[in-house]
Amino acid sequence: MSATDSLVAPGPDPDDKAIEAALRPKNLDDFVGQKRVREQLSLVLEASRLRGRSADHVLLSGPPGLGKTTLSMIIAAEMNAPLRISSGPAIQHAGDLAAILSSLTEGEVLFLDEIHRMSRPAEEMLYMAMEDFRVDIIVGKGAGATAIPLELPPFTLVGATTRAGLLPGPLRDRFGFTGHLEFYSTDELELVLRRSAMLMDMKVNSAGFAEVAGRSRGTPRIANRLLRRVRDWALVHGIEQIDARSAGAALDMYEVDALGLDRLDRAVLTALITKFNGGPVGLSTLAIAVGEEPETVETVAEPYLVREGLLGRTPRGRIATRAAWEHLGLQMPENVAAAMPQNMFSGPGTNTSSAAADESAPET
Ligand SMILES: Nc1ncnc2c1ncn2[C@@H]1O[C@H](COP(=O)(O)OP(=O)(O)OP(=O)(O)O)[C@@H](O)[C@H]1O
Ligand SMILES: [Mg+2]
C-alpha cells in the first residue's frame, strides 16, 4: 500500500464512491452532528419555503469527507428541487458555465464542488448570475464581439470547498449562508456508524462502534471505510456480532491503530523519536529517514499528527511531543522534555505555555 492510498486518507477512493451513495443520509434529520450548520441551514431552507422562493446561495467549507456533497444533496431534497452537479475544475471557460446556467430550471439547485478551482472568467460570470440571475453571453471575438444578456430563472447555488481561504472575497460575499463543517466527535461518529451498520446489515455492539469511531480521525468517510474493512474481517473469521476486540483486531491488521494512525504516520513518529531523539529535525531529513518524499510526509502524514498534538512544527524543525512518545509506549527523557518549546510540551488541550514559561532548561 502506498502512502496516498491509505485506509485513513480523507479523500474518496474508487471503492468509496459506489458505497457512499448508498450510505448518504437523504434528509437533514438523518444528517449526524454539525449541529450549528444543520440548525442554521434548516432555518434558511424553511424561510425560503415560507417565502415561496428559491433558497439563498449556500457555501459549504471544510476538510474532505465531512459531508459537503451529502449536504448539497440534502438541500435539493429538502427544497424538493432538482439537483445539477458540476465542479470548479470542470468549468474552465466561461462558456462551460454559461451552458450550465442557461439550462437551469426554476428553483434548481446547482452544486459546484471545489468551487475554488474555477477559472477567473467563469467566476466573474458567476458573480452576476448569483446576484442578478442574469449572464452576458459574449458572441464573436475582438472588436465585433457583443454581449447578449440572458435572464436566468432563480436558482440556488451550493458551493463546496476544502479551501475557503482561496475563495476571492467577492465570491464569498455573494453567498447568503456559509456553513463551516468541523471534524466530528467520537460520539457523533458512533451515530454515523450505527446508521451505516444498519444499512449494511451488520451486528456491532456499542463498544465495537466506539472502537471504530476512535480510529476514524473525526471523519465520517473514514469511519464508513473502516467499518467495511471490519465487516470483511468478521466475515472471514466467522464472527457474527462485532465487539471492541474484534473491531480492534481487524483494524490492527489493516495497520490503523487506536488513534487512527496508519503505517506512515507511525513511521514518522518512530523515526523522529528513535533516530533523532524526538527532534527538532528538518523535514527533508525526516522524510529520508522514512523513505518518503518530503511532500508526502508534509501533506499526507503531518496534518493529522499536528492536529492530534503528536508532532510540532518549529522554526528549527519537527519535534515529537510527549503524547507521541507515550503513544509509542516510550518515556520522554527529562532532558528532551526540558528542551521542548513550552507550548509543544503536552498533548492537545493541555497547553501550559504561560505557567512554565521561565522554566526552560538549556539544551543538552
Ligand atoms: N453528517 C453525516 N452523517 C452521516 N454520514 C455522513 C455525514 N457526513 C458525511 N457522511 C458520510 O461520509 C461520506 C462522505 O461525505 P461527503 O462525500 O459528503 O464528503 P465531502 O465533504 O463532500 O468530501 P470531499 O471534500 O472529499 O468532496 C458520505 O458517503 C456519507 O455517507
Ligand atoms: Mg464532496
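Using the three backbone atoms N, Cα and C, a Cβ is placed for every residue, glycine included.
Some features that TrEMBL has for this protein:
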- Leu23, Arg24, Gly65, Lys68, Thr69, Thr70, Glu131, Asp132, Phe133, Arg174, Tyr184, Arg221: ATP binding site (BINDING)
- Thr69: Mg(2+) binding site (BINDING)
- Arg313, Arg318: DNA binding site (BINDING)
- 345-355: compositional bias 'Polar residues' (COMPBIAS)
- 54-187: domain 'AAA+ ATPase' (DOMAIN)
- 4-184: region 'Large ATPase domain (RuvB-L)' (REGION)
- 185-255: region 'Small ATPAse domain (RuvB-S)' (REGION)
- 258-364: region 'Head domain (RuvB-H)' (REGION)
- 345-364: region 'Disordered' (REGION)
Cβ contacts within 10 Å for Arg313 (DNA binding site), all chains included, total 16
Going by DSSP assignments with H, G and I as helix and E and B as strand, what are the residue counts for the domain 'AAA+ ATPase' (54-187)? 52 helix, 36 strand, 46 coil
Given Phe133, Tyr184, Arg313 as the binding-site residues, which ones have a Cβ positioned under 6 Å from some atom of ligand 1? none
What three-state class does DSSP give Leu23 (ATP binding site)? helix
For the binding-site residues Phe133, Tyr184, the largest set of other C-beta atoms within 10 Å encircles the C-beta of Tyr184
Let me check the 10 A CB neighbour count of Glu131 (ATP binding site). How many other CB atoms are there? 12
List the Cα distance (Å, whole number) between Phe133 (ATP binding site) and Arg318 (DNA binding site). 50
Summarise the model confidence on the region 'Head domain (RuvB-H)' (258-364) as a single mean pLDDT, whole number. 84
Which of Leu23, Arg318, all binding-site residues, has a Cβ with the fewest other Cβ atoms inside 10 Å: Leu23
Using C-alpha atoms only, work out the spacing between Arg313 (DNA binding site) and Glu131 (ATP binding site) and round it to an integer in Å. 43
Hits among Leu23, Gly65, Thr69, Phe133, Tyr184, i.e. binding-site residues with CB under 6 Å from ligand 2, come out as Thr69
Considering only the binding-site residues Thr69, Glu131, Tyr184, which residue has the minimal Cα-Cα separation from Arg318 (DNA binding site)? Tyr184
Taking the Cβ of Gly65 (ATP binding site) as centre, how many other Cβ atoms lie within 10 Å? 28
Tertiary neighbours of Thr69 (ATP binding site) (same chain, Cβ under 8 Å, six or more apart): Arg24, Phe111, Asp113, Ala160
Pairwise Cα distance maximum in Å, ATP-binding residues per record: Leu23, Arg24, Gly65, Lys68, Thr69, Thr70, Glu131, Asp132, Phe133, Arg174, Tyr184, Arg221: 37
